[in-house]
Amino acid sequence: MPNVIEPAADAAKNARYAVVVSEWNKAVTAKLADGAVASFKEAGVAEEGVDVVWVPGAWEIPVVVQRLADTCRYAGIVTLGAVIKGETAHDHWINHGVTEALMRIATEHSLPVLFGVLMCDTMEQALSRAGGAVGNKGVECAEAALRMAAILKALPTS
């Protein structure tokens, strides 16, 4: 029978988390941020254990995540944004660049960087994922950050 490594009990709620949120499409991202912060609070994370950083747009998220990751203060970082498809390929390049950068930061730092940057065709799709019919991706990312922090805490370090 294999050895199953279980997440460390209650380790995640005593840790520090960051939420990096894009101001672009704030009608969506504010709801995502509210959901993430509420999830951390509901899980027992102290209010002072969550830092929220607002950035101008999705493109600016990775540089802030990199700076936060470099501090080694955080058990997880939630990233939230809403990139809506336009008439040009701009959204494609933003989405690709942000995705690649965040994955690199996560793997280089062995740090959960949760991806809540919505990539939608319409504003309606984005709003549906920010507390509408499809749920709230901010909530989902915060829950995943807590679980990943507990899993990493339980894993051997060498």
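The first residue you see is number 1, and the count goes up from there.
Using the three backbone atoms N, Cα and C, a Cβ is placed for every residue, glycine included.
The 5-amino-6-(D-ribitylamino)uracil binding site annotation in TrEMBL covers Trp24, Ala58, Trp59, Glu60, Ala82, Val83, Ile84, Phe115. The (2S)-2-hydroxy-3-oxobutyl phosphate binding site feature in TrEMBL is assigned to Glu87, Thr88, Arg129. The annotation active site, proton donor is assigned in TrEMBL to His90.
Location within the structure of each feature annotated in TrEMBL.
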{"residue": "Trp24", "record": "5-amino-6-(D-ribitylamino)uracil binding site", "Cβ contacts under 8 Å, 6 or more apart": "Pro56, Gly57, Ala58, Gly81, Ala82, Val83"}
{"residue": "Trp59", "record": "5-amino-6-(D-ribitylamino)uracil binding site", "Cβ contacts under 8 Å, 6 or more apart": "Ile94, Gly97, Val98"}
{"residue": "Glu60", "record": "5-amino-6-(D-ribitylamino)uracil binding site", "Cβ contacts under 8 Å, 6 or more apart": "Ser22"}
{"residue": "Ile84", "record": "5-amino-6-(D-ribitylamino)uracil binding site", "Cβ contacts under 8 Å, 6 or more apart": "Asn25, Asp91, Cys120, Asp121, Thr122, Met123, Ala126"}
{"residue": "Glu87", "record": "(2S)-2-hydroxy-3-oxobutyl phosphate binding site", "Cβ contacts under 8 Å, 6 or more apart": "none"}
{"residue": "Thr88", "record": "(2S)-2-hydroxy-3-oxobutyl phosphate binding site", "Cβ contacts under 8 Å, 6 or more apart": "none"}
{"residue": "His90", "record": "active site, proton donor", "Cβ contacts under 8 Å, 6 or more apart": "none"}
{"residue": "Phe115", "record": "5-amino-6-(D-ribitylamino)uracil binding site", "Cβ contacts under 8 Å, 6 or more apart": "Thr79, Thr99, Leu102, Cys141"}
Distance in Å spanning the most remote Cα pair of Trp24, Ala58, Trp59, Glu60, Ala82, Val83, Ile84, Phe115, given for 5-amino-6-(D-ribitylamino)uracil: 16
Intrachain C-beta neighbours of Arg129 ((2S)-2-hydroxy-3-oxobutyl phosphate binding site), sequence separation six or more, cut-off 8 angstroms: Val28, Leu118, Cys120, Gly135, Asn136, Lys137
Three-class DSSP secondary structure - Thr88 ((2S)-2-hydroxy-3-oxobutyl phosphate binding site): coil
Candidate with sparsest Cβ neighbourhood (10 Å radius) among Ala58, Ala82, Val83, the listed binding-site residues: Val83
Site extent for (2S)-2-hydroxy-3-oxobutyl phosphate (largest Cα pair distance over Glu87, Thr88, Arg129, Å): 23
